[in-house]
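Now, the feature entries from Swiss-Prot:
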BINDING   H63, H92  heme b binding site
DOMAIN    2-146  domain 'Globin'
MOD_RES   V1  N-acetylvaline
MOD_RES   T12  phosphothreonine
MOD_RES   S44  phosphoserine
MOD_RES   K59  N6-acetyllysine
MOD_RES   K82  N6-acetyllysine
MOD_RES   C93  S-nitrosocysteine
MOD_RES   K144  N6-acetyllysine
Amino acid sequence: VHLTGEEKAAVTGLWGKVNVEEVGGEALGRLLVVYPWTQRFFDSFGDLSSPSAVMGNPKVKAHGKKVLNSFSDGLKNLDNLKGTFAKLSELHCDKLHVDPENFRLLGNVLVCVLARHFGKEFTPQVQAAYQKVVAGVATALAHKYH
């Protein structure tokens with residue numbers, strides 16, 4: 001991902017304020033609610049029968065935190081996203097058979113959740129920088145797909 005110095009500063013500056021547990025759980029939960037077909041990858045998570053069940057599900061929250069911890073690793077390695085996410089790409093492709101489009105959807109949901117959490121601090125410039133990052137992460141996660 002090519003970010004200017006200003007964009008990198010905006011992304012990392014805001015990310016330092018992110019509660020990965022809260023934002024991760026909300027982002028993954030919203031993905032599962034808004035795009036219900038993504039739930040098929042989470043059969044072992046128990047009750048996903050309604051929006052409130054999804055948003056209150058402890059396994060959704062825990063996996064959302066795990067996802068954002070990986071995203072944090074990506075932010076530390078913006079110049080090597082493919083390398084950073086190679087193993088996760090392989091896992092999601094070969095073992096889990098996740099549709100790579102879901103990575104793009106989750107990235108867009110994450111941007112919306114960040115906007116909701118940070119309000120005016122999530123300026124159009126910050127949003128544009130985050131859109132670049134989530135697109136780069138989605139591309140890196142889809143890298144092992146044929």
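The backbone N, Cα and C atoms fix where each Cβ goes, and this holds for glycine too.
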Residue, out of the modified residues T12, S44, whose Cβ gathers the largest set of other Cβ atoms within 10 Å: T12
For S44 (phosphoserine), the one of T12, K82, C93 that lies nearest, given that the modified residues are compared by Cα: C93
Integer average pLDDT (0 to 100) for the domain 'Globin' (2-146): 89
Tally of DSSP helical, extended and coil residues in the domain 'Globin' (2-146): 117 helix, 0 strand, 28 coil
Between K59 (N6-acetyllysine) and K82 (N6-acetyllysine): CA-CA distance (Å): 27
Cβ packing number for C93 (S-nitrosocysteine), 10 Å threshold: 17
Residue from T12, K59, H63, C93 whose C-alpha is spatially nearest that of V1 (N-acetylvaline), among the recorded positions: T12
In the chain carrying K59 (N6-acetyllysine), residues 6 or more apart in sequence that have Cβ under 8 angstroms from it: F42, S44, F45, G46
All-chain count of other Cβ atoms within 10 Å of the residue listed as 'N-acetylvaline': 19
